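Below is one structure, written out as structure tokens; the observations come after it.
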Amino acid sequence: MHTQTLALDRLDQPGARQWPRYVLTGLAIFIIGLFLLLPLAAVLIEAFSEGWDLYVQAINDRYTWEAIKLTLLVAAVVVPLNTVFGIAAAWMIARFQFTGRGALTTLIDLPFSISPVIAGLIFVLVFGAHGWFGSWFAEQGFPIIFAVPGIILATLFVTVPFVARELIPLMQEQGSEEEEAAIALGAGSWTMFRKITLPKIKWGLLYGIILCNARAMGEFGAVSVVSGHIRGQTNTLPLHVEILYNEYNFTAAFAVASLLAGLAILTLVLKSLVEWQQARSLERATQ
Amino acid sequence: MKRSFSILPGFRLASGITLFYLSLLVLIPLCALVWKTTELSLDELVATLTNSRVLASFRVSILTALAAALINLFLGFVIAWVLVRYPMPFKRLFDAVIDLPFALPTAVAGIVLAALYAPDGWIGSFFTELGIRIAYTPLGIVVALMFIGLPFVVRTVEPVLQDLDSQLEEAAQSLGASPWTIFRRVLFPPLIPALLTGFALAFARGLGEYGSVIFIAGNMPMVSEIVPLLIITKLEQYDYAGATAIGLMMLVVAFIMLLVINMLQAWTRKRTGKL
């Protein structure tokens, strides 16, 4: 990169002041270490502070297993739905001109700027006992609030933008010439999507899915409002961490938290790999 | 919906899915919030929102989010600067770990920050000796919001810093400008829109943040109680009207922040010439 060689050139000059570089680099490493690496390490250290046996015992608890199962179920429903939505929304916004395009983009962004607690609140207002449709669903024997459907709805809301936000700028930048050529040459819609669109967007799509999954499994505020915290029934992993922590069962809380920290580390690793692949395929395309 | 002609297929399917999904999941529930608020009389609404505990929670939320965003503006800028311009060992690792607050569930961040900054925690005990309490005070909220908001500033400033035109810098250098003058007059001005965008993003996120804050805040009404927590407290007391009124207020603030951020992003694109 040009800026970097320039910075290096300047350092080679005799008499160039080097101290800003060392001070700033030191400061940056200090901030990253203190604010990011230390908390991550502390989760693991606290989790194992009472030894391996207690760690295993905390994980191997019936309620922890129920929480893991529920968290996986929520992600298994939420991520595919938001992926389909993200592809549809990106196709609509990046490939067509229509009135209200800007407003639609803003609407997709909205869940990002709304507090997760509000996300939970609105579903309580629609489906809660005093809500619009709450009593009807309850009468059908299918309660939504303080039940699994509410958790899924609230998680869907907070993760709506992830895939779409990743794909819209990517597809806008790529342009539609190749897809238009495929259609002009007589390809069907599905063939065009499978052979042209999907290969072009696959890394961006994967990136969005990884981030969507991390948020879906880790969401706390929105889920906390609609869940009712019923152990073994409506308790996701993050909520289970809260319950254990509030019971002063710190080792168990950190043991369960370490599972989620592991998920975060895995997310960062996968994300870096995808970024790397994306940069490589971009390089190949421009060569 | 009016649209210009295109040969591409799938507009009806894609717009059908998109509009149906967004209406069901985002638009109708948000309308419920507005609708439920209109069921309150104006007096009730005013009474709820001017209640001293509610006002105090808004003050706590706004001030702590503002303080954290300001600190992050500086810290995030330093990190972005170092990552883009200086060689450094383990750069890829440091760069990847910046996104940790996005990837780590907020409840995990909350309990670990509370443990670290508690009076007997690793960092907290150090500050206790200085006579400063961080956890269970508004300072603790600022710490949690700093953790949550840091990547926003780094990630908005980084790409703009990378694309800076090095010719201007070289010209200033060959004309004999000092490094400080180059920074102040050449490098810094084009970064201002991106810095403000990062600041606004961090601030907006801080206003609504819940999970990472509640464990470290102490949650004392009037002192360290944030608005999202007050909404949950009202819900638990079956005060749906109160929760709705405060929720609508927060929704309005979120809308304004979204508008401001969109404008700042448009300004950034104009200044950097990127679409």
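Just so it is clear, glycine is given a Cβ too, placed from its N, Cα and C backbone atoms.
Marked as domain 'ABC transmembrane type-1' by TrEMBL: B:58-261. The annotation transmembrane segment is assigned in TrEMBL to B:12-35, B:55-84, B:96-118, B:130-154, B:186-204, B:210-232, B:244-267.
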Can you find at least 3 Cβ pairs under 8 Å between the transmembrane segment (B:186-204) and the transmembrane segment (B:96-118), where each pair is 6 or more residues apart in sequence?
no
Of the listed stretches B:12-35, B:96-118, B:130-154, B:210-232, the one with the highest count of C-beta pairs below 8 angstroms to the transmembrane segment (B:55-84) is B:130-154
Between the stretches B:12-35, B:96-118, B:210-232, which wins on the count of C-beta pairs under 8 angstroms to the transmembrane segment (B:130-154)?
B:210-232
